[in-house]
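Okay, so here's the structure we're looking at.
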């Protein structure tokens, strides 16, 4: 997993050395822990980020790191937009649709050109980021909250990359990813229908 060591180490170093000025103690910790928990507590976010990691592995080459980094960067941009009050008319439907799309991309083993794949990843990330920003607790530090949700997202991408690596290591072909993708798409459809 040497592919992920440098980006994860850099993210961790930034989090450890960043000094946040707060008027009252505890805001940074509460903001960071809230941000860290948010992607893990929502099935839509968890599945999308896991799928981005697995799909990025499948696409291969530089996309293995560009996909997750693109997602995390646009997730942060979306977070700021959501925090500022920007929204879309059908945000939850768009997020559910992104889960369906990512699941189908995996289930059918689709591999579009790099630019198209990264554009899709960026669009999905923007939607998820807006939702993260809108759901930030009012008493949380914005920077700490963002650091938490970006780090958690990166860890979920790493889990997806690891799943892809496992698929390759055990010569499972595309079977594992197809099954996982089908399950993700089904969950997304249930979310869109309001059943989950």
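Cβ atoms here come from the backbone N, Cα and C positions, even for glycine.
A quick note: this is a predicted structure, and the numbers were derived from the prediction, not measured.
Sequence annotations record features per position, and here TrEMBL assigns signal peptide to 1-23.
Residues or ranges marked as transmembrane segment by TrEMBL: 39-57 (among others). Sequence-remote contacts of a segment are chain residues at least 6 beyond its ends whose Cβ falls under 8 Å from one of its Cβ atoms, and for the transmembrane segment (39-57) they are 63-68, 71, 95-96, 98-99, 102-103, 105-106, 117, 121, 124-125, 128, 131-132, 149, 152-153, 156-165, 167-168, 177, 180-181, 184, 187-188, 191, 196.
Look at TrEMBL and you will find 69-87 (among others) tagged as transmembrane segment.
Per TrEMBL, transmembrane segment is recorded for 93-110 (among others).
Summarising the annotation, TrEMBL assigns transmembrane segment to 115-131 (among others).
The annotation transmembrane segment is assigned in TrEMBL to 143-164 (among others).
Per TrEMBL, transmembrane segment is recorded for 176-195 (among others). Outside the transmembrane segment (176-195), and at least 6 residues removed from its termini, the chain residues within Cβ reach (under 8 Å) are 43-44, 47, 50-51, 54, 58, 93, 95-109, 163-164, 166-167.
Below 8 angstroms of C-beta separation, residues 44-45, 48-49, 52, 55-56, 59, 63, 66-67, 70-82, 86-88, 91-92, 94-95, 98, 101-102, 105 of the same chain, each at least six residues beyond the ends of the transmembrane segment (115-131), sit close to that stretch.
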